[in-house]
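Below is one structure; the comments refer to it alone.
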Amino acid sequence: MTRPGVGVAITGSGSAVPSTTLSNDQLSQLVETSDEWIRSRTGIGQRRVAQPQIESLSSLAAAAGQSALEAAGLEATSVDLILLATSTPDDLFGSACQVQAALGATQAVAFDLTAACSGFLFALVTGAQFIRSGAYRTVLVIGADVLSRWTDWSDRRTCVLFGDGAGAVVLQASEIDQLLGFEMRSDGSLNGCLTLAYQADNQSLLSDIEIAQGTYQPVAMNGQEVYRFAVKRVPEILEKTLFHAGIDRQEVDWLLLHQANQRILDAVADRLDISRDRVLSNLVNYGNTSSATIPLVLDEAVKAGKIQSGDLIAASGFGAGLSWGAALFRWGTVV
């Protein structure tokens, strides 16, 4: 429920990617694959990978956040809340506070939100609700992941998919509410389809006390199940969001989907009867950057002049959990 006179507007976007590119041809030196095989099945041509001692999750997130603040014409000290959507923090206790310090956002509360590839969309909705409640007026929402840390580079089923990056948007209180609707869902019964699971070794602490210590396994995925899930659930939730907002799908200017696989993007557009040329995609350059995909492709489209003030955008994130969601918003603001 929106309080009278307190709506939400997206006033700026930003992004950051590592400087190092890993091409499909380079991947063919690691696993049995080829540029043609990867492109034809995923739409991916290359991806970025963070280099140790040069880039970190926190540094990429902070750079994207700073870019978004500059686009919104704001100083970091004006931010009330920082939400960092990530599954690959530099510190398991969370990296949002590191980002807060790097930005100099001394007045902001900061915390991580973990929902894998749905994370940015879930964080966007969470930030909007803080504004609508009247608790905060300016929220910085960042989606960032460094999945190269948790990729099995000997598994061609997964290593061809993932890349590193960060994207961000600024949410501000607005008399005109630009977030027109949202829906979020989770189905834990499908959790095993996409995991980055903790693997423990049992150790005896005392004669009658045993503990488990270990680390995380690389990303594991049942690609066929995830594809079937995405092409069914994503169109459904987008249609529900549009219906509740009273908006026809043909009024949508841009379809902004989690960049998982070009086949999924095309299938969702076809099922919604939305022209593929209205689907934003940068998979060819970055691959699947998890929680960063939506804000990264959004920011590139804004900077390229594709997205104009007043454009209606239907967004959907989906992934591990399994979780999925949709949000409908207009770009450009009156604050």
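Note that Cβ sites are derived from N, Cα and C of the backbone, with glycine treated the same way.
Under the heading active site, Swiss-Prot lists CYS117 (among others). Reduced to three states, the DSSP call for CYS117 (active site) is helix.
Per Swiss-Prot, active site is recorded for HIS258 (among others). Around the Cβ of HIS258 (active site), 32 further Cβ atoms fall within 10 Å across all displayed protein chains. Reduced to three states, the DSSP call for HIS258 (active site) is coil.
When secondary structure is read from DSSP and collapsed to three states, ASN288 (active site) falls in the strand class. Counting every protein chain shown, the Cβ of ASN288 (active site) has 25 other Cβ atoms within 10 Å. Taken from Swiss-Prot, the feature active site covers ASN288 (among others).
Look at Swiss-Prot and you will find 259-263 tagged as region 'ACP-binding'.
Close to CYS117 (active site) in the fold, though at least 6 residues off in sequence, lie HIS258, ALA260, ASN288, SER290, SER291, THR293, GLY317, PHE318, GLY319, ALA320, each with a CB less than 8 Å from its CB.
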